[in-house]
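Record features (TrEMBL):
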type     : residues     : note
REGION   : 1-69         : region 'Disordered'
DOMAIN   : 9-158        : domain 'CMP/dCMP-type deaminase'
BINDING  : 98, 128, 131 : Zn(2+) binding site
ACT_SITE : 100          : active site, proton donor
């Protein structure tokens with residue numbers, strides 16, 4: 001019998017899933033990519049919010065070609081994957097379509113409410129202030145992230161919105177989980193963009 005994974009081991013396993021989501025082009029491929037062990041059938045990634053339309057890329061732009069590869073996955077209190085999201089800001093033409101927001105919306109649709117008590121959000125890049133605010137509003141219990149974001153990070157680098165003692169809810173934060181892998185994915189993307 002094998003020992004259960006340590007917290008760090010579980011976080012690394014979950015981060016590998018977030019990295020896989022980040023490496024997938026935005027759109028249906030992300031929503032249709034089942035997590036290992038996910039039974040076939042509808043998943044939160046397939047949810048469509050009533051009154052919205054399926055996003056289409058702007059004319060003349062390949063789907064997701066300009067979207068920075070950031071992936072996020074929400075896990076329930078039992079460790080089961082609830083939802084995944086990838087940065088789709090360019091793909092959707094939506095300034096709020098960061099990976100965390102996409103994943104949080106899908107997770108809320110899956111659980112049937114906005115409160116994600118006891119849930120863990122795993123994201124490949126440190127959340128920005130908008131995403132940190134959404135994490136607090138959703139009452140996410142744990143945030144695990146890969147690479148630091150010194151320009152816009154709000155989980156300890158530029159700001160520390162998530163652990164600000166003035167908030168009534170403060171999640172546990174675990175930074176730098178597979179940070180090298182997350183940073184490499186971003187370096188590769190920006191290197192290809194510069195070569196262009």
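Residue numbering: from 1, along the chain as shown.
Each Cβ is built from the backbone N, Cα and C atoms, and glycine gets one as well.
TrEMBL does not curate its annotations; it predicts them automatically.
Other Cβ atoms within 10 Å of the Cβ of residue 131 (Zn(2+) binding site) number 28 in total over all chains. Under DSSP, residue 131 (Zn(2+) binding site) is assigned to a helix (H, G or I) in the three-state scheme. For the domain 'CMP/dCMP-type deaminase' (9-158), the mean pLDDT of the prediction comes to 84. The Zn(2+) site is defined by 98, 128, 131, and by the 8 Å test on Cβ atoms against their centroid, the other residues of the chain that qualify are 99, 100, 101, 127, 129, 130, 132, 134, 152, 154. Taking Cβ-Cβ distances under 8 Å and a sequence separation of 6 or more, the neighbours of residue 100 (active site, proton donor) in its chain are 72, 85, 121, 123, 127, 131, 134, 135.
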